[in-house]
Amino acid sequence: MDKLSIRDLSLEGKKVLVRVDFNVPIKDGKILDDVRIRSAMPTIHYLLKQDAAVILVSHLGRPKGGVFEEAYSLAPIVPVLEGYLGHHVPLSPDCIGEVARQAVAQLSPGRVLLLENVRFHKGEEHPDEDPSFAIELAAYADFYVNDAFGTSHRKHASVYRVPQLFPDRAAAGFLMEKELEFLGQHLLVEPKRPFTAILGGAKMSSKIGVIEALLSCVDHLVLAGGMGYTFLRAINRQVGNSLVEESGIPLAKKVLEKAQALGVKIHLPVDAKVAKQCDSGEDWRELSIQEGIPEGLAGFDIGAQTIELFSKVIQESATIFWNGPVGVYEVPPFDQGSKAIAQCLASHSSAVTVVGGGDAAAVVALAGCASQISHVSTGGGASLEFLEKSSLPGTEILSPAQS
């Protein structure tokens, strides 16, 4: 990696501002999955071992900005952090202002301070409207470390503006290094072949850039989930009331033409679990795509024949990247297709298997097979943008590696 690493920093007695991604799922004040917190621990432990004072910065959810909202407070993070660290972690009630400055001033080397959600301030997501927000955050520390891969595709203040205020002192954390090196080496530089990408999720338009980029490097492209129905419409299949982006049909046709020209094999669903609606998971049946889905019914998951087809493609591949569920996995039985993909990846131990964060990572966790996947990324949108552009705003802006 050509960026400054925390290994290169002289940290003893210094204050370090660490951008982490603690955007974890929370219900009734309890964290449902703490993998993003666990993933940041190697960096935090290293900094503490070097006798640095660690100031953690994160967002959580999508608050309105400009006001405190208890539902998006980082307070539930504190007991989990304390459990991993074995000591008290104070939470500053704000990330800027006098209360935050005092909390930082009182922070001793070898200890950790968590600042409250940066998105409570509009200057985080709209740094041009309030440049002073980044300046206040940067004033706390001697060094800046970005360990928030999952947020580094956004040009937000704590990810993009703050590191610019640390010339030659803005470094990548261990999680960031791991993500960039694994994704770069195994998917961009030297993927073992055949290389298959599986893309699901609702919208095709949000992934058109990465689809076009992948066409130049993959051998097989599996398209399913909501976006799969847009592609099926592009080849004149009847999909009933299934989710279709009408404006995306011409784009889908161009993708199919380009794939054919490049010799990339496209795989689309051949059957689907359909129902009038998906909220209850009842009154469903499987229908062949060839026969068509009638009006009044919609596809909410891939069917048994498609699971068999996609599994065969996976088993014959040496590298597989998966982003986006292939069905409405939150509602059984429409979770069966996504879980089958997860289990097939997990059982293919000789392949390099990469799950690109987000909902696909959630499915792998639900299926109980995350430990059998080569790499489960902490970034959904970030992993896609990295594959599309080979870099991210939050990593580009870090200081260059020391020669």
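The backbone N, Cα and C atoms fix where each Cβ goes, and this holds for glycine too.
Owing to the predicted nature of the structure, the values given are computational and were not obtained by experimental measurement.
Record check, Swiss-Prot: substrate site residues include Asp21, Phe22, Asn23, Arg36, His59, Leu60, Gly61, Arg62, Arg154, and the candidate from Arg101, Arg111, Arg119, Arg193 also listed there is Arg119. Gly299 (ATP binding site) falls within a strand segment according to DSSP. Of all residue pairs in the ATP-binding list (Lys207, Gly299, Glu330, Gly357, Gly358, Asp359, Ala360), the one with the greatest Cα separation is 24 Å apart. The binding-site residues examined here are Gly61, Gly299, Gly357, Gly358; by Cβ neighbour count within 10 Å, the least packed of them is Gly61. Taking the Cα atom of each, Glu330 (ATP binding site) and Gly61 (substrate binding site) are about 19 angstrom apart. Counting only same-chain residues at least 6 apart in sequence, those with a Cβ under 8 Å from the Cβ of Lys207 (ATP binding site) are Leu199, Gly201, Met227, Asn323, Gly324, Leu384. Using Cα positions, the member of the binding-site residues Asp21, His59, Gly61, Arg119 nearest to Gly299 (ATP binding site) is identified as Gly61. Counting other Cβ atoms within 10 Å of each Cβ, the binding-site residues Asp21, Glu330, Asp359 show the lowest value at Glu330.
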